[in-house]
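The next block holds one structure in the form of structure tokens; read it before the comments.
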Amino acid sequence: MQQHLQQFGWKNEALPHGVAETRIARVTKEFKNQYVIEGVHGTQLARVPGKFHYTSTSRLDYPAVGDWVVLSERQENEQDIQLVEAVLPRSSAFVRQAAGEETAGQIVAANVTKVFIVIPLFAEVNVRKLERFLFTAWDSGASPEIILSKADLSEDAAGQKAAVASVAMGVPIHIWSAVTYEGFTDLQARIASDDTIVFVGTSGAGKSTLMNALVGQELLKTSAVRSDDHRGRHTTTHRELVVLPTGGIVIDTPGVRELQLWYEEDRQPMSETSFSDIKQWMQACFFNDCQHETESGCAIKEALATGDLSQERWDNFLKLQREYAYAKRKQDKRLQLEEKKRWKRLSKYSKRSGKR
Ligand SMILES: Nc1nc2c(ncn2[C@@H]2O[C@H](COP(=O)(O)OP(=O)(O)OP(=O)(O)O)[C@@H](O)[C@H]2O)c(=O)[nH]1
Ligand SMILES: [Zn+2]
């Protein structure tokens, strides 16, 4: 019974005090007013009770794909209805900012542990785009990993990997080809049974192809899952959260795809994609620790003055640097939080065992 929950990524430590495991389930798909959930009773439909609408203060309070929820059962018109009593605290969340509303975010995918950023190798890697995706991943609270796809179309996959590594700040990088299956077992090994993974990347990057390879068939997007809810009625639905045959979970929601488009639209036009010219000027500055502000002998300021380096390009570079720093701080903070939680658990544990 526990095993079934664990398949869906359940970690026992997350069980709230006094709640039986039979009442825990994970949201695998979201409809307008209903959720497909997976718990110890298998696939069921659930909805939020009326009081939920009054007690919730924002859309973020509502269940989303990937959420763990606590259920209660109620009889309505002689039928058993599953109600979502509570959404358990999320370890991470992809939030989409609803257009036009500043504060009303919407959760697109919850409790994601890893974000696979898929970048095709048929062209030069767009560093700026990659940075955007890294930023999105860090912002969600999940850990990014970079997958360089379509390696079969690259003359020098290893060289491209090295180039990406120079901007990826220690994020793991994998090479993959759906044609030769190069890197497949390495990728599989990166997916633990309690991992929940979201794939991001531009259209045509090869996300669906890789997901289908991991699932072992063309399951995502195409097929339907037949399920039997408590009422004995059949509901045909396509799940957006899928358990891999080798363990681990992938989430493929339209929301994540829309999020990607949003990030792509957000990009600013930039003719070149690498900052090697800027790096060269920086190395030419007189002072090693030049801040490129008021120092004399600053090659950057000189390049700006002569027009060799455009102000726009320099500003863009600085902006990315700030985003980097922000993302890095955010990640450090998340690590700190996790650490804190671990210590809390440990101290609780030691107190308990001390009493015995
Ligand atoms: N040569 C080569 N082609 C690939 C590889 N992986 C995917 N493709 C092809 O690239 C095209 C796009 O792949 P998809 O998996 O649909 O890309 P996607 O990222 O899911 O795209 P969207 O659904 O638009 O977001 C398809 O025609 C695939 O057959 C690969 O490793 N090598
Ligand atoms: Zn300088």
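Glycine residues also receive a Cβ, built from the backbone N, Cα and C atoms like all the rest.
Summarising the annotation, TrEMBL assigns domain 'CP-type G' to 101-259. If you look up TrEMBL, you'll see 110-257 marked as domain 'EngC GTPase'. TrEMBL lists Ser149, Lys150, Ala151, Asp152, Gly201, Thr202, Ser203, Gly204, Ala205, Gly206, Lys207, Ser208, Thr209 with the feature GTP binding site. Under the heading Zn(2+) binding site, TrEMBL lists Cys285, Cys290, His292, Cys298.
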Same-chain residues at least 6 apart in sequence with Cβ under 8 Å of the Cβ of Gly201 (GTP binding site), in sequence order, are Ile117, Val118, Ile119, Pro120, Phe133, Ser149, Lys207, Gln260
Note the mean pLDDT of the domain 'EngC GTPase' (110-257), expressed as a whole number. 83
Ala205 (GTP binding site) versus His292 (Zn(2+) binding site) - Cα distance in angstrom: 37
Check the Cα distances from Ala205 (GTP binding site) to each of the binding-site residues Cys285, Cys290, Cys298 and keep only the ones within 10 Å. none
Distance-selected binding-site residues near ligand 1 (C-beta under 6 Å), from Ala205, Lys207, Thr209, His292, Cys298: Ala205, Lys207, Thr209
Return the residues near Cys290 (Zn(2+) binding site), defined as same-chain residues 6+ apart in sequence whose C-beta is under 8 angstroms from its C-beta, sorted by sequence, else 'none'. Met282, Gly297, Cys298, Ile300
Where the C-beta lies under 6 angstroms from ligand 2, the matching binding-site residues among Gly201, Ser203, Thr209: none
Quick note, Ser203 (GTP binding site) and Cys285 (Zn(2+) binding site): C-alpha atoms separated, nearest Å, by 40
For the recorded Zn(2+) site, enumerate neighbouring residues of the same chain (Cβ within 8 Å of the Cβ centroid of Cys285, Cys290, His292, Cys298, site residues themselves excluded), in sequence order. Met282, Phe286, Phe287, Gln291, Glu293, Glu295, Gly297, Ala299, Ile300, Lys301
Please give the maximum pairwise Cα distance, in Å and rounded to a whole number, for the GTP-binding set Ser149, Lys150, Ala151, Asp152, Gly201, Thr202, Ser203, Gly204, Ala205, Gly206, Lys207, Ser208, Thr209. 18
Among Ser149, Ser203, Thr209, the binding-site residues in question, whose Cβ has the most other Cβ atoms within 10 Å in this structure? Ser149
